[in-house]
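Enquirer: Right, I'll just put the structure down here and ask away after.
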Amino acid sequence: MLFLELAQTFEKMEKTSSRLDLTQYLVELMKVTPSNIIDKVIYLIQGKLGPDHSSKELGIAEKMVIRSLSLATGISSSEIKLKFNEIGDLGDVVYKLNYNKSQSTLFSEPLTVERVFDTLTKIANTSGTGSLNLKIRYITSLLNNVSNLEAKYLLKLILGNLRLGIANYTLMDALAIGFTHDKGNRVILEKAFNVSSDLGNIARILAQGSIEEVQSISVSLFIPVRPMLAERAADSKEALSKIKGKCLAEFKIDGERVQVHKRGTRIELFTRSLENITSHFPEIVKMFTDLDVDNFIVEGEVVAINPHDQKFLPFQSLMRRRRKHDIQQAMEAYPVILNLFDILYHNGNDLMNLVFEERRKILEINFGNIKSDRLKLVNQKRVSNIDEIDNFMAESLDSGCEGLMLKDSNSRYRAGAREWAWIKLKKEYAGTITDSVDLVVLGALYGKGRRVGKYGALLLGSYSKEEDTFYTICKVGTGFKDDALSVLYDTLSKQIIHKKHPRVQSGNVHMDVWFEPSVVLEIISPEITLSPVYTTGRNMIKPGYGLALRFPKFSGNIREDKSPEDITTVEEIIDLYNNQFKQ
Ligand code: AMP
């Protein structure tokens with residue numbers, strides 16, 4: 001397949017803000033893509049080289065690309081740099097350059113998608129001495145004899161700047177329409193995606209096989225399952241009323257969720273956003289290696305503990321450990337413990353269709369008697385009334401946890417779903433919103449005074465899963481320490497896009513810059529109010545009004561463990577708003 005075809009589709013996508021158009025362009029692309037490379041095309045659209053859990057980073061700096069571009073075009077590096085400083089994106093720079101194709105030869109073949117993908121994979125696998133020059137040579141080889149349009153998207157892919165605004169849901173819609181002529185089949189694709197986390201593979205099975213084959217995809221070891229998520233309740237009364245079966249309460253531990261896969265000596269750990277983090281927790285890996293139990297997928301919360309009194313430490317301590325480069329030092333400074341709360345697979349059996357009570361029994365049988373400083377089962381208790389919940393909550397807070405998870409004993413494990421089968425309940429403050437919310441950064445205004453050269457205020461949004469859209473909710477400018485400001489500035493600057501992202505409903509706000517929705521911040525606020533400006537919950541409470549956080553403040557936590565689709569939802573914000581009046 002010619003890379004030009006892909007570049008032309010990318011160009012059309014970049015020019016539209018309409019989700020319908022995006023889907024239509026994708027459907028057309030799927031139709032002309034050969035089935036044996038459809039997985040590669042899907043990964044490239046996602047700006048990756050494989051599924052999240054095994055995709056390698058390209059690790060390419062702008063400097064390297066400028067050097068390659070200079071070699072390929074004959075234009076000096078300093079001239080390219082000048083244009084880059086002016087325009088801010090090397091893909092757009094190359095598009096505007098009067099591209100010198102003198103390097104092309106009579107015999108050069110047109111660039112194919114296969115060659116692009118394979119060369120990018122080689123770049124990602126290149127490391128060690130001499131790798132810099134080799135990478136430059138690979139990039140230069142791709143840039144020889146291509147049109148401005150191909151060069152533009154090659155560079156955007158290489159630098160990870162391809163920001164087309166295409167979410168997995170849009171891709172799944174396009175696959176369902178393109179291959180089955182029925183958008184309704186997206187549900188089947190979504191189910192398969194939730195257990196296999198690999199849209200490229202699903203697309204290939206669909207293109208070469210059938211929707212029935214996709215339907216039969218099930219859980220397998222070393223491929224992470226998308227985690228089941230929890231709804232949020234304002235108080236124990238509301239939570240209890242939502243649970244249909246018996247209510248099993250557990251401590252809600254303020255750490256990082258990990259999914260552990262083990263067969264023989266192979267052990268792998270994944271985060272809730274499916275990143276492989278096996279190398280971060282060698283002591284947990286060692287503990288599982290020494291364990292007799294084998295062939296399983298379990299889930300739990302890793303938490304840092306105070307080595308003196310063994311109490312749980314808050315999430316920030318774990319993040320500090322994650323940032324340390326010397327793992328040995330990090331292990332000593334921040335010892336961790338894994339608290340298991342679920343089992344999804346054991347000895348060749350998919351356990352996700354068993355009810356929670358049975359899964360917990362299997363967890364207890366296999367892991368309940370293990371004497372290890374590194375492993376525990378999450379504290380659990382059956383509760384049947386509000387007093388029991390409130391007492392257990394007090395116990396949980398006392399041991400350093402952030403609240404309770406209430407689980408329906410009769411519920412199955414629904415990968416990727418946020419339902420009332422699991423309910424989170426955090427510490428309550430009468431008359432205020434119950435706890436912090438996690439929001440994604442959508443845009444920013446430049447700072448003034450002490451904050452010149454940084455961002456002064458960040459525009460934040462909540463998420464609607466149904467519409468796969470981000471809605472604005474506030475601007476935040478307080479709670480930022482100087483070092484956090486710098487870190488955020490550097491992180492966010494890499495996510496700048498030319499115009500508002502197609503998945504954002506922003507209403508009428510002016511921003512100096514817009515971002516690809518990716519950075520998640522934890523925000524505290526005493527109150528939610530009606531707002532004529534922000535779009536979260538617009539027209540749902542009062543015509544013409546949305547909801548806004550009043551006096552929002554950054555808590556200091558950048559939620560690196562959460563993807564934008566994991567943040568607080570519009571529905572949760574509406575519930576929080578309504579709950580303010582129940583107190
Ligand atoms: P939140 O991140 O506030 O949406 O809360 C859900 C998260 O709480 C889960 O993804 C887990 O990381 C974490 N968690 C802590 N304790 C438990 C538990 N006992 N059961 C399930 N999840 C838990």
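Placed from the backbone N, Cα and C atoms, the Cβ positions cover glycine too.
In case it helps, TrEMBL gives these features for our protein:
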ACT_SITE  Lys252  active site, N6-AMP-lysine intermediate
BINDING   Glu250, Arg257, Arg272, Glu301, Phe341, Arg418, Lys424  ATP binding site
DOMAIN    329-464  domain 'ATP-dependent DNA ligase family profile'
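Quick one: where do these features end up spatially?
Expert: Lys252 (active site, N6-AMP-lysine intermediate) is surrounded by 22 other CB atoms, counting those within 10 A of its CB over all protein chains shown.
Taking a C-beta cut-off of under 8 angstroms and a sequence separation of 6 or more, Arg418 (ATP binding site) has the following same-chain neighbours: Leu229, Ala230, Glu231, Lys465, Thr569. Under DSSP, Arg418 (ATP binding site) is assigned to a strand (E or B) in the three-state scheme.
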Enquirer: How many other Cβ atoms are found within 10 Å of the Cβ atom of Arg272 (ATP binding site), counting all protein chains shown?
Expert: 18
Enquirer: If you measure every Cα to Cα pair among Glu250, Arg257, Arg272, Glu301, Phe341, Arg418, Lys424, the residues listed for ATP, what is the largest value in Å?
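Expert: Largest Cα to Cα distance for the ATP-binding set is 19 Å.
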Enquirer: Under a criterion of Cβ-Cβ distance under 8 Å and sequence separation of at least 6, what residues of the same chain contact Glu250 (ATP binding site)?
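Expert: Listed in sequence order: Phe341, Val378, Asn379, Gln380, Lys381, Leu404, Met405, Leu406, Lys407.
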Enquirer: List the Cα distance (Å, whole number) between Glu301 (ATP binding site) and Lys252 (active site, N6-AMP-lysine intermediate).
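Expert: Taking the Cα atoms only, Glu301 (ATP binding site) lies 9 Å from Lys252 (active site, N6-AMP-lysine intermediate).
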Enquirer: Determine the mean pLDDT over the domain 'ATP-dependent DNA ligase family profile' (329-464), rounding to the nearest whole number.
Expert: 90
Enquirer: May I ask which residues of the same chain, at least 6 positions away in sequence, place their Cβ under 8 angstroms from the Cβ of Lys424 (ATP binding site)?
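Expert: Those within reach of Lys424 (ATP binding site), by Cβ under 8 Å and sequence separation of 6 or more, are Ala230, Glu231, Arg232, Ala233, Lys252, Gly403, Leu404, Met405, Leu406.
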Enquirer: Relative to the Cβ of Arg257 (ATP binding site), which residues of the same chain, six or more apart in sequence, are found under 8 Å away?
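Expert: Residues satisfying the criterion: Pro227, Thr271, Arg272, Glu299, Gly300, Glu301, Val302, Asp561.
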Enquirer: Looking only at DSSP and grouping its letters into three states, which state does Arg272 (ATP binding site) belong to?
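Expert: For Arg272 (ATP binding site) - judged by DSSP and reduced to three states - the answer is coil.
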